[in-house]
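Asker: One structure coming up, written as structure tokens, with questions to follow.
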Amino acid sequence: MDYPLTVDIAFLLLAILAVVSGWRVFCTDSMVRASFFLLVSFIAVGVIMILLAAEYLGVAMFFMMAVEMMVMATFMVMFMMNPAGLNPMMMVHQHKFSIAAGVVIFVLLAGVALLAEFPTNPLPADLDPVTSLGNELLGDSMLIFESAGIVLLTTMIGVVVLSSHRGRYGGAHEGSMPPGLVPGGDPAGMPKEDEEEGGGHHHCH
Amino acid sequence: MAVSWLSRLAARARVPVFPALGMHGDTILHRLALTPGIELVDSPRHASILLVAGGVPPDLHEALRRLHDQLPAPFATLWYRSAPLSELAGDLRVDDPEALPEALKRLHRELMSGRRDSSPRLLPDEPPNPWEGLGDDGHGGEGMMGGVPYGRPMAMNMHDDIRDGLTLDSLTVTLGPFLPVLPPGLGAKVTLQGDLVQSWVTQLAPYPIALENVFHEALQRPVPIAELELARARHHLQRLAFSLRLSGLEHLALVALRLSRGLNVESRVGRLHRWLTRCGFFRLTAAGRGRLEAGQARRVGGIAARAAGLEEDLRSRDAAYRRLGFTPIVQRGGDTNARWRQTLAEIDHSLQLACRAEQEDLYSEMTEAVETPRGPWDDYRPEDASDILEDLLPGLEWDEALTTIASLDLAGVSEWPLEPLSETSLKDDEERQA
Amino acid sequence: MTLVTLLLLAAALIGIGFYGALSQQSFVMLMMGLELILNGVMLAAVAFWALSGAGAPEGQLLTIVVMAVMAIEMAMGFALVVAVFRTKQADVTEGITELKH
Amino acid sequence: MIVSELLLPVFVVLATLAVGAYLVGVIDGAIGAALGAPRGQSAWLAPLTQGAWLLTQQANTTEAPDWRAWRLAPALYLALAATGLAVVPWSPTLIPTDLTTSVVLWGSVEALATVVIFLHGWSANTLLALIGAYRYVALGLSYILISMFVLIGVALPAESLQFSQVVASQAEMWNVIRQPLGLPLFLIVGLGMTFWGPFNLADSRDLAGGTASAVSGPPRLVWNLARAAMLVAFSGVAASAFLGGWLGPWLPGPLWMVIKMLVVLAVLLLIGRLVPRVQPERCVTLMWVVLLPLSFIDLIWAGMEALL
């Protein structure tokens with residue numbers, strides 16, 4: 001399928017934007033900046049999806065990711081406050097290995113993209129992508145869609161249980177001791193010795 | 001051409017004034033708030049004129065210099081009843097409240113037309129602490145904790161969180177003494193987690209407040225009760241106006257100020273009270289936070305004590321007041337909400353007392369002590385009680401903390417009375433403009 | 001904009017995401033790596049749908065499912081981070097060397 | 001071809017943006033004067049003189065801000081307002097961008113607004129701006145869900161995610177009557193996303209201007225302009241989604257839109273002046289405990305009606 005020149009230019013710019021901002025995520029100083037760079041990468045991909053006629057998915061990407069990245073940035077600030085990224089930081093481990101792994105993955109996937117023969121079946125001219133998606137979601141694939149909904153609900157409940165102040169066996173700050181097998185007995189399934197292991201911030205370089 | 005056209009338009013804008021308050025400077029603000037063509041702004045960045053109102057104590061001069069340098073050019077400084085800093089000796093000083101609005105407007109016009117240069121910077125434009133990072137390009141080093149940029153280490157968890165046990169990184173800052181949302185002169189070192197106040201240390205006590213002359217006279221000789229009660233109501237209305245402005249009810253703040261300006265024995269606050277209830281002031285803004293314990297309430301005295309259920313009012317000891325059938329109004333609760341209900345009830349009560357006292361031409365009879373709007377003044381003047389904030393504020397959100405501070409009258413009473421302002425001139429101001 | 005260029009872009013995003021997920025110490029940054037991988041996956045899915053699958057609706061459905069997976073991944077990830085942070089005050093992977101209390 | 005497809009939409013969006021933002025200033029000033037603010041100059045002139053003054057003022061700096069984000073945030077907010085205005089249909093033919101998913105696009109404008117406002121406060125590197133940014137995130141994450149449900153409610157009878165279809169589906173009865181809960185809920189969302197009046201948690205007086213407390217000069221002008229423009233975009237969307245957009249007797253469609261937008265604007269600005277700021281904690285509780293269930297009810301109501 002041939003696209004007009006303007007679309008090609010737009011794609012090129014967006015692709016550069018997506019890759020550069022995706023890469024900047026891991027080499028910027030502030031985690032808030034990192035999450036917004038990731039958001040830029042997502043938005044660029046979303047616009048590419050709109051160019052590919054997936055109108056609903058592209059726009060859904062904007063709002064899904066805006067909310068997700070906002071939550072992410074808030075968590076970053078909660079765990080590590082660094083207004084305006086004054087303190088530079090580089091928190092990595094197994095750095096060389098990771099770079100190698102990333103490059104290998106890219107080469108493998110790029111090889112597949114370049115060498116494999118994919119069928120060329122462009123979109124039919126009369127296809128309305130949004131209607132087709134809607135019919136699919138509430139038609140043939142309704143079970144999948146509804147399962148996704150149920151899983152999301154389960155996630156919500158699980159998340160509230162996990163992150164709430166009260167752990168499974170009482171307050172989280174008390175260290176969640178399971179009850180004894182006999183009333184007043186030792187906690188079930190716990191080793192006898194209670195060694196104090198290194199809590200606190202581990203900030204390895 | 002285009003530029004001159006732009007600056008001519010800019011010269012006609014409402015004059016954005018940032019007030020830096022010195023001793024007894026806040027009275028002029030009540031007047032400026034009602035003056036057309038003047039806008040009192042909340043941040044020095046939003047101002048074109050820095051108005052230093054009232055004498056600034058020498059130990060705050062350094063803070064005043066820093067504030068002065070925060071205004072974006074072009075800006076000018078105007079000193080109202082205050083001696084200019086030595087570097088700014090040539091600045092305009094105005095002592096006459098009548099002439100102040102016109103002086104502010106003229107200053108703004110001159111700045112915009114380029115006839116007056118922007119005020120010079122007083123301090124070098126450099127960080128208060130040197131860069132202490134590592135490396136050539138100013139980086140703070142490696143690892144999460146990095147270096148110590150500008151003398152400030154990375155925010156760290158030094159305290160346990162007091163709300164939900166999820167310890168977040170805290171931030172410690174120094175606020176005041178010129179922050180317009182705090183009482184004038186109050187300075188504090190505050191540790192915040194997000195917008196939750198983790199700790200509050202009062203470093204600078206607020207300036208003593210000046211009461212109207214009638215309260216000072218009442219300690220020497222009998223004074224007309226009507227005058228005493230009107231002065232009391234005026235004081236409370238002005239505090240109410242400050243709090244209303246803080247909570248975004250500008251028009252009701254102006255209503256309260258106008259009421260306090262033209263207050264006489266016929267005035268009533270019933271309508272203001274109804275408006276406040278209807279717009280949800282008591283439910284949305286002044287919700288029940290900042291509850292005072294009995295001991296704290298007694299220490300603050302006055303409205304705060306009576307709002308906490310203590311029946312302490314020196315007026316009930318005065319025979320003249322007893323003849324008027326005076327009994328103190330008391331609220332239960334002792335929180336922000338109760339304090340504002342108490343304030344409104346007391347304003348209403350004062351106006352009724354004033355009305356009856358004027359009909360019967362009553363004078364106060366007790367001269368050894370007087371109940372000031374700030375609290376009882378017997379052997380001692382009411383003293384500064386701003387250190388109770390250290391117990392009261394931790395655990396509150398920023399908004400709740402500020403509403404609580406605004407609802408408390410904590411500053412001590414000054415030994416000097418307020419200079420009487422002529423009440424008629426302001427009305428003329430407004431009428432002339434309308 | 002051809003299928004190959006789109007897939008190359010997706011491969012680049014997945015590669016960067018892999019690097020991030022493996023190299024970052026902070027939990028939250030690690031999750032960002034995972035998100036970037038899923039970003040590439042979604043792009044590839046849409047590219048196949050538009051240029052190779054003749055607009056078969058399952059292509060779009062797959063992307064929706066990946067988005068849901070992303071939301072679940074993030075929610076569960078943060079819940080675990082909060083739970084770990086409450087008990088151990090740790091926000092980097094080295095902070096937890098074992099999963100028991 | 002180029003004129004009708006490119007220049008006209010851009011012109012329409014820019015013109016509404018400029019005129020609308022100016023009118024917001026005028027109406028707000030007029031309401032303030034009617035409520036008793038001291039009368040200085042005519043309300044028609046006040047926004048212009050204020051803008052001129054901001055243009056002559058120097059753009060200040062803080063200690064080590066995140067420059068890119070700090071300068072970009074006002075421009076991005078303005079761009080979001082322009083995007084919002086672009087999906088508003090003025091008549092069956094005059095629609096700047098008639099995307100088939102324009103309702104979802106408006107939803108993402110709301111979500112991205114949260115990000116941009118947070119960025120504006122965070123990047124200034126000063127305390128009060130940062131608190132404003134935090135507070136806004138709490139508010140922003142709360143109102144997005146309400147807005148989604150309300151908008152899905154109006155998309156149901158139209159069987160489309162396109163604003164022009166949503167308007168067309170109101171030919172018999174406006175959504176404000178068909179779904180009585182929708183418009184009040186949506187107005188609250190609008191006050192939230194422009195942080196106006198009772199929901200001004202980001203730039204409030206108790207934070208000395210909040211996220212804008214450290215901004216001066218032209219960037220502040222852009223920020224104020226963007227806030228007003230967002231209010232205009234919101235009123236356009238509210239008029240199309242609930243008040244029947246261009247539909248109406250006698251007058252041409254675009255004129256009806258202008259009238260309806262002005263009505264929504266006046267209502268919003270009046271609420272902004274009359275209601276005090278809600279405490280952040282109460283505000284979030286209100287959103288999740290009261291308004292979110294109400295928006296569920298609105299959606300169920302809309303669904304039942306679509307089925308019957």
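Here the Cβ of each residue, glycine as well, is placed from N, Cα and C on the backbone.
Straight from TrEMBL, here's the annotation block:
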- D:6-31: transmembrane segment (TRANSMEM)
- D:72-91: transmembrane segment (TRANSMEM)
- D:103-122: transmembrane segment (TRANSMEM)
- D:134-156: transmembrane segment (TRANSMEM)
- D:176-196: transmembrane segment (TRANSMEM)
- D:228-247: transmembrane segment (TRANSMEM)
- D:253-271: transmembrane segment (TRANSMEM)
- D:283-304: transmembrane segment (TRANSMEM)
Asker: Please report, as numbers and ranges, the same-chain residues at least 6 past the borders of the transmembrane segment (D:103-122) whose CB is under 8 Å from any CB of it.
Answerer: 66, 69-70, 72-74, 76-77, 80, 83-84, 87, 129-134, 136-137, 140-141, 143-144, 147-148, 151, 154-155, 161-163, 166, 189, 193, 195, 202, 210-212, 223, 230, 233, 237, 241
Asker: Quick one: find which recorded stretch in D:134-156, D:176-196, D:228-247, D:283-304 has the most Cβ pairs under 8 Å with the transmembrane segment (D:6-31).
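Answerer: The listed stretch sharing the most Cβ pairs with the transmembrane segment (D:6-31) is D:228-247.
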Asker: In the same chain, which residue numbers or ranges, 6 or more beyond the ends of the transmembrane segment (D:134-156), come under 8 angstroms Cβ to Cβ?
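Answerer: Distant contacts of the transmembrane segment (D:134-156): 103, 106-107, 110-111, 113-114, 117-118, 121, 166, 175, 179, 182, 185-186, 188-189, 192-193, 195, 199, 201-202, 210-211, 241-242, 280, 283-284, 287-288, 291-292, 295-296, 298-299, 301-303, 305-306.
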Asker: When each of D:176-196, D:228-247, D:283-304 is checked against the transmembrane segment (D:72-91) for Cβ pairs under 8 Å, which one has the most?
Answerer: D:228-247
Asker: At a C-beta cut-off of under 8 Å, are there same-chain residues at least 6 beyond the transmembrane segment (D:228-247) that contact it? List them, or none.
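Answerer: Counting only partners 6 or more residues beyond its ends, the transmembrane segment (D:228-247) has Cβ contacts under 8 Å with 16-17, 20-25, 77-78, 80-82, 84-85, 87-92, 103, 106, 109, 113, 151, 154, 163, 166-167, 170-171, 174-176, 179, 182-183, 186-187, 190, 193-194, 196, 253-254, 256-257, 260-265, 268-269.
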